[in-house]
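Copied over from Swiss-Prot:
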- Cys28-Cys33: disulfide bond (DISULFID)
Amino acid sequence: GLFLNTVKDVAKDVAKDVAGKLLESLKCKITGCKS
């Protein structure tokens, strides 16, 4: 139903956000956090 779709959308957004943060910290480890 609609509620399940909303939960899926939110989960997708959260997953994207978490993946982005993980990617950033990974980059940070590799490059030595140079901005």
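Glycine is treated like the rest: Cβ placed from N, Cα and C.
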Other C-beta atoms that fall within 10 angstroms of the C-beta of Cys28 (disulfide bond):
12
Cβ-Cβ under 8 Å from Cys33 (disulfide bond), same chain, 6 or more residues apart: which ones?
none
For Cys33 (disulfide bond), what is the secondary structure by DSSP, using just helix, strand and coil?
coil
